[in-house]
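The structure appears below as structure tokens.
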């Protein structure tokens, strides 16, 4: 009886010990979990080994051993869950640790902050997904974790190499497609692109027909591109849209006029000097008209500076008109008799002949013929005669069309279209100019007077030496071969009186 009661008492005590053991384990588990959770909150989480934690209920009695042996069954049922809890492998606390219920809300991978003084400015911000540009991508194979570390390292490198090769192949495919598309559209140029290119293209480089050596100046760097957009080239240029003439010059008064142009005395605003600006009276719409008007500019530019030739400075098209900036002279030779009631002396005539002969010699040496020598085209500045108005200038080799000047000063061969001696035409015109200057009155349109002059039949000129009259007859000879050249005229002994 006592043995039976002792067994019953022992069983009750055993059950109570099991309950106490379970309760103590639960308490220790919760304490460890709370401690780790608090350490996580303060960024001081360290690996805590629960195996080294001292137990508060350690007993060495046999009774405790019985209790431990009886609870082994319960430990086997708990399995790996209890062992994991005892080893402290959890780094965070879940709601089921408190309420023993499954947690379906808390995500498995929580991004917990690791410190109290972390600023919000440094926290990562969510970004919108980036669109992938690759055509295809490979999925990384899941490697087995049973292999050694070297195998996993090699497999990861192999995957990276495969991905890089795949990206290279993709880039090559895209590059080939772009190149193919560009090749297909190589021959096509849109009208908008052509118009834009023409607006950005500089004006054309005109060929100067009066320049002998054009090895460098005849090259137009944009010539091969202008053929595509010739219709888009402007017929005139005016800088930034404003009038260059009104912007750069102050017009003073008109000093000359002709059939095709007018000449104004102007003051240049930039340098404060006086110039003569000549511009066409009518608008030049056609390309042939513009090229014809440009002949004077090109001839003056090809000649360059000479003391007995009117200086050339600049030219431009504006409002379909050609503007030429020239040297300003005092007056023309035709105005000389009007300025003085006295007739021109023979010495003054020799000075005029000598200076214009020097100008003609310089022009002829350049391979150019003036073809419009007359009193209106000879100017005087500070007592120096200057030859101007090269609108009818042409080449001596007949490479350019011949346009005759004033018919009153032209020899008969020009009227007969004989252009073999164009330099002698200028000598004839100079003789007629001097004859008109000695006479003191302009030539008339009288048929008889015109025929006598073209035949070289001059009346006597009282008050002048026979030597001068004979020189004039030689210069106005009907046969151009018997006329002196400009060089021969300069060497004539009559000019010895004015030399030195």
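Using the three backbone atoms N, Cα and C, a Cβ is placed for every residue, glycine included.
Residues annotated as region 'Disordered' in Swiss-Prot: 141-169.
The compositional bias 'Polar residues' feature in Swiss-Prot is assigned to 143-155.
What Swiss-Prot records for 249-495 is domain 'Protein kinase', and it gives sequence analysis as the kind of evidence.
Sequence-distant contacts of residue 259 (ATP binding site), defined as residues of its own chain at least six apart whose C-beta falls under 8 angstroms from its C-beta, are absent. Under the DSSP three-state reduction, residue 259 (ATP binding site) is assigned to coil, being neither helix nor strand. Among the features that Swiss-Prot reports, ATP binding site is placed at 255, 256, 257, 258, 259, 260, 261, 262, 263, 278.
The annotation active site, proton acceptor is assigned in Swiss-Prot to 372 on the grounds of sequence analysis. In the three-state DSSP classification, residue 372 (active site, proton acceptor) falls within coil. The local packing around residue 372 (active site, proton acceptor), expressed as other Cβ atoms within 10 Å of its Cβ over all shown chains, amounts to 23.
Within the same chain, residues at least six positions away from residue 389 (Mg(2+) binding site) with a Cβ under 8 Å of its Cβ are 296, 310, 372, 376, 377. Following the DSSP three-state reduction, the secondary structure of residue 389 (Mg(2+) binding site) is coil. Here Swiss-Prot flags 377, 389 as Mg(2+) binding site.
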Number of Cβ atoms other than its own within 10 Å, given for residue 263 (ATP binding site): 19
Most crowded position, judged by CB atoms within 10 A, among 255, 257 as binding-site residues: 255
